[in-house]
Amino acid sequence: MVALQQQQEGVPSGTEKTTHFGFQTISESKKADKVAEVFSSVASSYDRMNDVLSAGIHRLWKDHFVRSLNPGRRPGGSPMSILDVAGGTGDIAFRMLDHATRINHDTETRITCADINADMLREGERRSLVDTPYGGTDRISFLVQDAETLDAIPDNSVDLYTISFGIRNVTNIPAALRSAHRVLKPGGVFACLEFSKVRPAMLDAIYQRYSFSVIPMLGQLVAGDRDSYQYLVESIKMFPSQEQFAKMVEDAGFMLPGKGFEELTFGVASVWKGVKPLH
Ligand SMILES: C[S@@+](CC[C@H](N)C(=O)[O-])C[C@H]1O[C@@H](n2cnc3c(N)ncnc32)[C@H](O)[C@@H]1O
């Protein structure tokens, strides 16, 4: 439980650099710990809550995200090295391997599920052993990593970098994008699935009402944790617009196909893609 009292701890002194944690302004140095508290708190209920809060729609978005990336060996090509950052409990990683195996008949493509939070990764590893054929094999590994630095991942080593519902929790988003660019091979693909701005405005008004009243309440009822779910809705509201985030991806050195993003379900979520240039 992320108690409100604890949230006061991050209040900045006059000279420290600040950032937002939901609607609060806190010291930059405190954000990672506070995000970690949220995800440690929700780790065991995370998958159930995703289904409850989105009526299962997050599964359709994730299926679409993975299908659109078509992971796996191409005819005459090599197996892929995939890095799923902020991979949490493995939702994207399992889908990637399922797609590579079933659609591209590739049993060699591997994925690293990287996350800053060991509790989320433990839940992912448990699921990989119980629910998938990949647990305990060399096709999947779980690694504690900060998206901002990715210090265990060599330069130019990754074919496909994904981050799903993770980037808005990162303190320094430009640093995370620069690290994505660093670890990708030239020609490698960056892909991000994240909540975004709902359009048109009338639908947004309904969505805001749902998110700020129903989601924290369900968080309390189903997971016994109102504060963590309050943070989740506030962090969605604070995330840049589709166009602003596309610009940030471009500024990190990626080439964007078309306008750089695709809106899903009236913009409740969007997918951004970029390619690391060959030269
Ligand atoms: C909402 S969950 C998303 C999990 C999964 N990708 C999915 O789509 O279901 C956000 C994840 O981001 C992780 N995270 C937050 N800040 C991070 C950082 N700086 N580096 C890596 N992971 C981070 C959290 O620990 C959490 O597991």
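The backbone N, Cα and C atoms fix where each Cβ goes, glycine too.
DSSP assigns ASP115 (S-adenosyl-L-methionine binding site) to a strand in the three-state reduction. Of all Cβ atoms in the protein chains displayed, 24 besides its own lie within 10 Å of the Cβ of ASP115 (S-adenosyl-L-methionine binding site). Among the features that TrEMBL reports, S-adenosyl-L-methionine binding site is placed at THR89, ASP115, ASP146, ALA147, SER164.
A simple way to gauge crowding: the CB of ALA147 (S-adenosyl-L-methionine binding site) has 24 other CB atoms within 10 angstroms, across all the protein chains here.
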